[in-house]
Amino acid sequence: MAAAIAVVYLSLLLLLLHGAAPAVLGYTRGDFPEDFVFGSATSSYQYEGGFDEDGRSPSNWDIFTHQGKMPGRSTADVAADGYHKYKDDLKLMVDTNLEAYRLSISWSRIIPNGRGDVNPKGLQYYNDIIDGLVKNGIQVHIMLYQLDLPQVLEDEYDGWLSPRILEDFKAYADVCFKEFGDRVAHWITIDEPNVASIGSYDSGQLAPGRCSDPFGIRKCTVGNSSVEPYIAVHNMLLAHASVTKLYREKYQVAGKGIIGISVYTFWAYPLTNSTVDLEATKRCQDFIVHWVLRPLVFGDYPQVMKNIVGSRLPSFTKAQSEDVKGSLDFIGMNHYYSLYVNDRPLGKGTRDFVADISIYYRGSKTDPPPGKAAPTSIGPDPQGLRLMVQYLQETYGNLPIYILENGYGSSNDTVHDNDRVDYLKSYIGSILTALRNGANVKGYFVWSFVDVFEYLTGYGQSYGLYRVDFADESRPRQARLSARWYSGFLKNREMDVDQSELAMAAAESRAQQ
């Protein structure tokens, strides 16, 4: 049972992107609406480093990684050293012709004690970044929370497992709105509540590393995998609603800004046309996507979740339902790949999220059934992004959609990343198709601008448009082929790539096979 659950969970969280996506550009920047923005993204813990500098307190991820729980016992103590190199990166953003940049704020850097006194040096750091972006005409998108919580709040009341976090998160957001809102009009409250809660409170694979036997991927000392993922998401949704209400009442009129949330998505194809596999595909989206979005649009969880999870799924009071309902100005989605889904009988006895969803995942239709080894690679499927966008539009009406993360991860950190160029070309092309079909998509962000510490693999996977040499303490950047292509595309032309460089990229790709 535990082995099967581990395989299913790994299939969900450890599918790392490899392989080229055949694509021809066939479009230019000018084919997209003028108000559509193209950008790139990083996050505070994964990018900044400076973990104990200028008043920053430890986050849950500092504690987690310092316990040696990541591959190679890696940490983000320095990461890409964005705390010291942001000015250089701003220049690279200008060189890349970025139209927008999505960053997250470190709560531990802004309010080291989780509540109360604000750290002026933390404010100065983010003000300097924001000022630099605005000065160069780059639109600023801020994520308030991207998995890194002040450890003091974990110690005091178990973080997202306690309703006490609602007031602390609201107070933290209030500081950010007040200090940065005059220059920032695009806000995202929380990143990926769905996947974050599964990894943090079911498998124990993400900080704070809570789980219970027999469900954890790693050995956990505390946690309850059967209930904690649902409690954490419930509190995240209530916190989102509270912060949205604050923003709308106190700041939105003056700033004319918008606020939303980010949800992890993948397109799910039924493995067969059988009734049970078709139902499994729908159940997959109910548990993964609608778990977060349905309450924020319609005020309650999907009925299938209530039926299967039962009393382990928290319920909204009437007042809470009214608060969460309609608390989105836009939908933010992170999207990387598609999966094939088939039905798995609902287990008896104690269950966790993975058992509740009762689904098997495969990277392709020809993959063998899940066994002792989970698939670790999957080919790109740009059509899946288009289908996901259109599906969200059909489900939730004309809410604007921002694709806040999309990118290509590789264990080969070469600068000759032709596979990544092909991936980006094909996925951006799928967005254009969705737009022409009437989808209300407003922006697209490549993950990531520079190589960063990845939450699942540490430094084992590279996603950056710019390569970072993590073996060099100065963390030098080097433009990849993908950075040059993206820059050319944003200049409304296709980049001229030296044929010898393409040949080198092809040779490296063959050597990796």
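Just so you know, glycine gets a Cβ as well, placed from its N, Cα and C.
Among Cys176, Cys211, the cysteine that Swiss-Prot records as disulfide-bonded to Cys220 is Cys211. Here the candidates are the recorded positions Gln46, Asn412, Glu454, Tyr455, Tyr463. The one whose C-alpha lies nearest to that of Cys211 (disulfide bond) is Tyr455. If you compare Cα positions, Asn224 (N-linked glycosylation site) sits closest to Glu192 out of the recorded positions Gln46, Glu192, Asn412.
Taking a C-beta cut-off of under 8 Å and a sequence gap of six or more, Glu192 (active site, proton donor) has these contacts in its own chain: Leu147, Ser262, Val263, Tyr264, Asn334. Sequence-ordered, the extra residues of this chain that approach the beta-D-glucoside site, with Cβ no more than 8 Å from the Cβ center of Gln46, Tyr336, Glu405, Trp447, Glu454, Tyr455, Tyr463, are Gly407, Gly409, Ser448, Val452. A separation of roughly 19 Å, to the nearest angstrom, links the Cα atoms of Gln46 (beta-D-glucoside binding site) and Asn412 (N-linked glycosylation site).
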